[in-house]
Amino acid sequence: IMSRGSIEIPLRDTDEVIELDFDQLPEGDEVISILKQEHTQLHIWIALALEYYKQGKTEEFVKLLEAARIDGNLDYRDHEKDQMTCLDTLAAYYVQQARKEKNKDNKKDLITQATLLYTMADKIIMYDQNHLLGRACFCLLEGDKMDQADAQFHFVLNQSPNNIPALLGKACISFNKKDYRGALAYYKKALRTNPGCPAEVRLGMGHCFVKLNKLEKARLAFSRALELNSKCVGALVGLAVLELNNKEADSIKNGVQLLSRAYTIDPSNPMVLNHLANHFFFKKDYSKVQHLALHAFHNTEVEAMQAESCYQLARSFHVQEDYDQAFQYYYQATQFASSSFVLPFFGLGQMYIYRGDKENASQCFEKVLKAYPNNYETMKILGSLYAASEDQEKRDIAKGHLKKVTEQYPDDVEAWIELAQILEQTDIQGALSAYGTATRILQEKVQADVPPEILNNVGALHFRLGNLGEAKKYFLASLDRAKAEAEHDEHYYNAISVTTSYNLARLYEAMCEFHEAEKLYKNILREHPNYVDCYLRLGAMARDKGNFYEASDWFKEALQINQDHPDAWSLIGNLHLAKQEWGPGQKKFERILKQPSTQSDTYSMLALGNVWLQTLHQPTRDREKEKRHQDRALAIYKQVLRNDAKNLYAANGIGAVLAHKGYFREARDVFAQVREATADISDVWLNLAHIYVEQKQYISAVQMYENCLRKFYKHQNTEVVLYLARALFKCGKLQECKQTLLKARHVAPSDTVLMFNVALVLQRLATSVLKDEKSNLKEVLNAVKELELAHRYFSYLSKVGDKMRFDLALAATEARQCSDLLSQAQYHVARARKQDEEERELRAKQEQEKELLRQKLLKEQVFVVFSVILELKNYVHTCPLYAKKERSKKGGEFDEFVNDDTDDDLPISKKKKRRKGSGSEQEGEEEEGGERKKKKRRRYY
């Protein structure tokens with residue numbers, strides 16, 4: 001029996017009771033002793049335990065319930081329900097303690113005990129509403145059993161649609177599932193069911209309104225919660241956040257005051273502590289930030305709260321440049337953060353950038369961009385990171401990000417410059433356009449001068465496009481700008497001036513102003529004697545002039561500064577190769593590959609492969625070594641392709657080896673694929689032409705050689721011209737071959753290979769002429785002259801020729817053949833002379849006959865001409881008589897005038913008389929004319 005202030009415990013086997021006053025409850029052990037002794041019913045144990053709980057005596061509360069489970073009297077009606085209540089109450093207490101427990105092991109023990117108690121209660125009455133509600137709340141606490149909790153709340157609501165705990169549980173689940181409208185509906189139903197609900201219901205409604213962006217209603221809900229419970233920390237924090245988000249001075253002040261009230265009420269509330277830490281971060285009071293955030297971290301087991309605390313700590317260390325601590329807390333925050341809380345990843349990405357770990361930095365920013373796909377800062381940073389990547393796919397991603405940034409913020413100069421820099425490799429015109437936009441923004445909107453770096457880059461792009469005049473203009477402008485800016489940072493801008501001066505010198509080289517280029521390179525070296533590239537360029541200029549020794553000296557100067565410089569060794573190696581000194585050249589490239597930093601240097605490996613390939617062209621090569629050299633070259637080219645699958649030069653080399661092995665069709669396929677990939681490698685064109693020659697497609701080969709000369713060589717390249725001549729020779733176009741070789745001889749008069757080939761063509765042409773019985777004396781004499789020249793060439797070459805380029809014995813053989821032909825030359829000359837005399841006599845006779853025939857034809861033509869003249873004259877005299885006859889016949893208006901004119905006939909009669917006396921031929925003509933006149937009269941009359 002229980003009253004408001006006391007409880008009665010029936011004494012065993014009597015009608016008496018012991019009354020315990022709630023204000024003076026004894027120790028728990030004493031009460032337990034009484035209850036055991038009197039064999040008290042279980043419901044009294046539970047009632048006493050709850051009273052102890054209300055008074056904050058939780059230890060006695062637990063002792064009573066634990067003892068009640070064993071010693072409580074169950075000998076009464078409906079004791080099962082009390083038995084279930086005992087277990088559920090104790091389990092609920094353990095659940096409550098587990099929520100507060102910080103130690104993970106202790107928390108796990110409490111949850112285990114609660115689970116055991118609820119399981120025991122399930123066996124007594126499984127579907128009791130209170131039991132199901134307690135069990136559902138426990139499932140919510142465990143986090144991963146939300147669906148199970150939802151099913152239990154749903155079961156309760158089916159039995160009791162207005163059950164408030166079930167409605168609130170459903171609201172909580174809907175909110176966590178981001179169904180904010182559904183959650184709000186459950187809260188409203190609970191409030192309608194019981195308008196006197198605690199403040200927490202309004203608090204839940206306020207959070208729903210915030211998520212639905214109904215901020216005024218949220219403010220009202222939080223305010224109402226505070227009216228109901230002035231110590232509702234959640235409502236204070238909610239109102240504070242709304243005030244702070246207004247970003248006005250008064251609102252911020254109100255927000256901070258609300259947070260302070262909440263802190264006063266509950267100094268250990270992690271939500272309050274984190275918000276206060278955030279506030280003090282913007283106040284730049286970083287020590288308070290760290291104190292509050294650490295306090296928050298240690299007062300919660302909720303990972304989302306811990307993530308926020310770590311983030312506040314990390315950014316406070318970040319702004320203080322304590323990057324190690326910042327990295328640690330950013331990383332820890334990412335471990336606790338939910339998928340939607342990406343701010344720690346943004347900070348962690350910055351820390352990775354600071355550490356130079358671009359790969360991990362990119363991954364962090366990718367996570368941020370996934371959550372916020374159009375975030376400007378993230379796209380800009382990722383664009384910058386990927387722009388420096390060697391992976392073309394990532395560079396394409398960077399290009400896309402930076403284009404989006406420039407579309408969203410067209411006035412972002414940095415983004416335009418980043419975009420221009422990434423476009424420099426693939427889209428020169430696009431890069432120029434981006435630089436142009438950046439320049440325009442700087443000049444028009446920022447009102448600033450264009451930095452010399454940009455001017456230099458624009459000049460370099462114009463240089464690559466071949467716009468040498470524009471390039472020069474920008475390089476000079478960059479130098480002027482750097483000179484003007486040097487007063488602010490002399491060291492930095494002097495460095496830019498040096499780079500621009502070097503670029504200007506390269507431009508002068510391209511413009512063939514070698515003296516100006518040399519002067520600039522030497523000026524740079526006077527101030528910066530360690531500028532290796534200047535030595536290399538001076539050496540290259542000397543090499544191009546043919547001064548190999550001077551070039552070698554410049555390259556060695558570069559090696560004095562850096563004895564392992566791969567470019568210097570490569571250039572020296574190329575000098576040896578140009579002089580066909582294969583052994584020394586090979587050693588230079590092998591030295592590069594022995595260095596750890598350049599052991600996979602692609603250029604050196606290709607050069608070695610080319611050396612092995614070149615040995616296959618030597619006429620005195622050891623046949624036994626040929627296959628071994630082919631295999632070595634092939635192995636090197638394959639290794640290059642393994643390192644760089646897109647290396648076209650290695651593919652070209654493999655094609656060359658296949659051609660040497662006789663696999664011409666396969667080699668042609670390789671060359672064709674390389675040429676399809678790029679049309680800018682001259683060797684591929686030449687190799688395709690070589691294959692055409694081997695396949696006897698000489699016309700195609702000639703066309704390919706000629707196209708190659710036009711496309712790649714401004715001046716005659718004797719090597720390519722020699723290839724062209726060979727193709728012409730093989731297809732029988734000896735005259736064209738001769739002219740081609742003579743052009744090459746003008747370029748390289750001392751080239752013994754050219755001399756050999758000229759001699760060979762002269763010999764073949766002469767042989768062809770001498771053997772042709774139709775050849776005239778002039779052709780034969782010229783052939784003999786050319787044969788003598790060929791003989792002299794072969795004789796000379798057989799003694800002093802370059803045995804590394806052709807077989808001297810072959811020259812001697814050809815000289816003997818020329819000598820044999822010359823010994824027969826007199827016979828051919830005599831034959832040609834006799835034939836020439838016969839032809840001359842025949843021509844004279846033909847000319848005489850032609851002259852006689854011409855004179856005869858001339859006489860006939862004169863006779864015809866005179867006949868025509870006489871006929872015309874007769875016709876002229878006949879016309880007036882004809883006109884007179886006509887007028888007489890018609891009797892026209894002027895008949896009388898015509899008839900009176902009797903003098904018209906007089907000249908005619910006189911002429912007739914004179915003609916009759918002039919001779920027989922004229923008379924004949926006159927008579928003939930007279931006959932014609934008569935005929936005409938007869939025709940008209």
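Backbone N, Cα and C atoms are what each Cβ position is placed from, and that goes for glycine too.
Because TrEMBL annotations are produced automatically, they should be read as predictions rather than curated entries.
Summarising the annotation, TrEMBL assigns coiled coil to 829-856. A Cβ distance under 8 Å defines the sequence-distant neighbours of the coiled coil (829-856), meaning residues of its chain 6+ beyond its ends; these are 773, 775-777, 779-781, 784.
Feature annotation from TrEMBL assigns compositional bias 'Acidic residues' to 894-906.
Residues or ranges marked as domain 'Tetratricopeptide repeat protein 21A/21B fourth ARM' by TrEMBL: 169-333.
If you look up TrEMBL, you'll see 199-232 (among others) marked as repeat 'TPR'. Beyond the ends of the repeat 'TPR' (199-232), by six or more residues, the same chain brings 168, 171-172, 175, 178, 180-181, 183-184, 187-188, 190-191, 238-239, 242, 265 to within a C-beta distance below 8 angstroms of the stretch.
Look at TrEMBL and you will find 342-375 (among others) tagged as repeat 'TPR'. Within its own chain, the repeat 'TPR' (342-375) is flanked in space by residues 307, 310-311, 314-315, 318, 323, 326-327, 330-331, 333-334, 381-382, 385-386, 388-389, 394, 404, 408, which lie at least six positions past its ends and keep a Cβ under 8 Å from the stretch.
According to TrEMBL, the repeat 'TPR' annotation covers 498-531 (among others). Counting residues of the repeat 'TPR' (498-531) by DSSP class, helix then strand then coil, yields 27 helix, 0 strand, 7 coil.
The repeat 'TPR' annotation in TrEMBL covers 532-565 (among others). Secondary structure of the repeat 'TPR' (532-565) per DSSP (helix as H, G, I; strand as E, B; remaining residues coil): 27 helix, 0 strand, 7 coil.
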The repeat 'TPR' (498-531): which same-chain residues, six or more beyond its ends, come within Cβ distance under 8 Å? 452, 455-456, 459-460, 463, 468, 471-472, 475-476, 478-479, 482, 537-538, 541, 561
